[in-house]
């Protein structure tokens, strides 16, 4: 064989002839490799795949959108999200918050048969989690959650469970921030309400003293005073003078408090709309995603692909055998 190898050249015809002369051992090696790969493929535990397809939803302020009177302004909450919002959802999916909740909810330490008292149990658990659960974005600006598991129902439950936690996690983060804003607005709102009430009481006090529409009252009294003077009615002149003095006494503070009341009422009106929006942000829980396809129990295994294993192993064995025969 060594002499033949030394005389061998790499022309295609010589290669074919060379392989043909050694067809028996090559066939035996190839068949043996095929049988062995079939046996090995059956020893690999099959896994089933389930997936969820979702799109990001628009993140325009929900309360502000709902309170708009213009339909075009309200329609924002119904739209799809941007690429930035998609990336934000991917970050949430990769967060420890979702991972830890899924591990606890589905008892993955036990499901993956990891000894909690063994060496590096959490490291092994996280590695298993990362190898079986993947998230990827598509060219259509959507996200696919893929889960591999030996139990087809568990694969579907995990995928659906993860997608449901997106809203819970993001709503909780936003709710905490919204609560801080709401507390600030609520304090201002309550303070403005109290201030308006106090100013309204002051205005009512001067109303009780006869000051209501002071401009018209002064105008009417002035007309009546002129007529009384013309008629020579001294008694009427005296009464009107007393009323004008009384009116002048209370007019200045009345104008002062009424102006403050009007300004504070405008401020309260603005704060009321902000208060309603801020409270709505703490109470409303809208979805941040549109789920296009939910995960279902798979009927066929996704891994391993026995035919691919057999073909690759057989071809690789054949190729290695040819190389060994040529060079050794």
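Each Cβ is built from the backbone N, Cα and C atoms, and glycine gets one as well.
Just so it is clear, the model here is predicted, and its values are computed rather than measured.
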Requested in this report: Name the residue range among 3-23, 24-44 that TrEMBL annotates as transmembrane segment.
Outcome: 24-44
Requested in this report: Calculate the per-residue pLDDT averaged over the domain 'Polysaccharide chain length determinant N-terminal' (14-105) and state the result as an integer.
Outcome: 77
